[in-house]
């Protein structure tokens, strides 16, 4: 008689994905972030569900309902701060996961990579509409500024913005629909994540060497299940330290002031995880040009499989490309800092130079470095 997990139609799927999955024997800690992202998503859905039980999506009561959650609901303060900081944790894991994909050439699995880019867009959309819900000053003005960018689209722009707002400004209709979007999107993300895994398991995981490991695979359980569990425990410890000791460290103090359409905050800026894209948006003086650059800053990732010129998959043995990769990371950190600064010299020119460097490294320097390395190795 066969084991139930190998014969039962439902358990068989789980078995092939998480138990008997053939896995490369040498994947490092950088491969932990996929499972950590799954954990983050579950955490966000659960905390979000409990918050939705007490939240009201009305302009008059939204702010006070969040205050009520923090003051009157049992452990409401904990649920709220876990959800707010859980978004930061999600994006930290997401950016490391993408960085690992670039470093080790995982983008050559095109279907998995493209679904990943779609997941990134959806996660960013979810985080944006979620940030509007507490209805503080930065929520209101962030929603106004970012949705207004769509008015740069020729001919239909203004109509599109008013259609999204549900009126002539960000108001009750906007808040209600943003709450609806914020509730449904994580489930769409979960469905896409399953498709992401499905395509990954079609090809098998990549590994740090970037070479096929078909002849030398080990089962996922107990080796990598234990490793993922250890990673999850470590991340939860760091996360709970942030939530319990520094819950407002990553937030904006302006969001503790109720939304007021008559009073503009001195510096309108998004959460830290959007600052790099915001800096790229602001670096172009033209509105439409800025919007295009903003979208391209993420969409440029889709070009990576087609710009791969090296005969090696991974950057592990390619010092020139490694230098460019870490320059790219530094550049993104610089853009993140610039995004939080006011629009004045010298920040304007630094932001513009960093934006040019960002696109140049991905689209010009990295493909060139691959060709140079091939030449040096006489390939």
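The count begins at 1 with the first shown residue.
For all residues, glycine too, the Cβ spot is worked out from N, Cα and C.
Secondary structure at residue 182 (heme b b562 binding site), taken from DSSP and collapsed to helix, strand or coil, is helix. Annotation for residue 182 (heme b b562 binding site): same-chain Cβ neighbours under 8 Å, separated by at least 6 residues, are 48, 126, 129, 130, 133. Under the heading heme b b562 binding site, Swiss-Prot lists 83, 182, citing similarity to another entry as support.
Among the features that Swiss-Prot reports, heme b b566 binding site is placed at 97, 196. Using a 10 Å radius centred on the Cβ of residue 196 (heme b b566 binding site) and all shown protein chains, the other Cβ atoms total 21.
Residues or ranges marked as ubiquinone binding site by Swiss-Prot on the basis of similarity to another entry: 201. Its Cβ taken as reference, residue 201 (ubiquinone binding site) is surrounded by 14 other Cβ atoms within 10 Å in the chains shown.
Beyond its flanks by at least six residues, the transmembrane segment (33-53) meets 69, 79-80, 82-83, 86-87, 89-90, 93-94, 96-97, 100, 182-183, 186-187, 189-190, 193, 228, 231-232, 235 of its own chain at Cβ-Cβ distances under 8 Å. Residues annotated as transmembrane segment in Swiss-Prot: 33-53 (among others).
Residues annotated as transmembrane segment in Swiss-Prot: 77-98 (among others). Beyond the transmembrane segment (77-98), the same-chain residues lying 6 or more positions past its ends with a Cβ under 8 Å from any Cβ of the stretch are 30, 33-34, 36-37, 40-41, 43-44, 47-48, 50-51, 66, 69-71, 116, 120, 123, 127, 130, 235, 239, 242-243, 247, 250-251, 271-273, 301.
The annotation transmembrane segment is assigned in Swiss-Prot to 113-133 (among others). Within its own chain, the transmembrane segment (113-133) has Cβ neighbours under 8 Å at 55, 57, 62, 66, 87, 90-91, 94, 98, 101, 106-107, 139-140, 142-143, 146, 170, 174-175, 178-179, 181-182, 185-186, 188-189, 192-193, 195-196, 199, 270-271, 273-274, 298-299, 301-302, 304-305, counting only residues six or more beyond its boundaries.
Beyond the transmembrane segment (178-198), the same-chain residues lying 6 or more positions past its ends with a Cβ under 8 Å from any Cβ of the stretch are 17, 37-38, 41, 44-45, 48, 52, 55, 57, 112, 115-116, 118-119, 122-123, 125-126, 129-130, 132-133, 143. Taken from Swiss-Prot, the feature transmembrane segment applies to 178-198 (among others).
Here Swiss-Prot flags 226-246 (among others) as transmembrane segment, drawing on similarity to another entry.
Positions annotated as transmembrane segment by Swiss-Prot: 288-308 (among others).
Sequence annotations record features per position, and here Swiss-Prot assigns transmembrane segment to 320-340 (among others).
If you look up Swiss-Prot, you'll see 347-367 (among others) marked as transmembrane segment.
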CB within-chain contacts under 8 A for residue 97 (heme b b566 binding site), separation at least 6: 33, 34, 37
Distal contacts, the transmembrane segment (288-308) - CB-CB under 8 A, six or more residues away: 98, 102, 105, 107-108, 110, 113-114, 117, 120-121, 124, 149-150, 152-154, 276-278, 280-282, 355, 358-359, 362-363, 366-367, 370
Neighbour count (Cβ, 10 Å) for residue 83 (heme b b562 binding site): 21
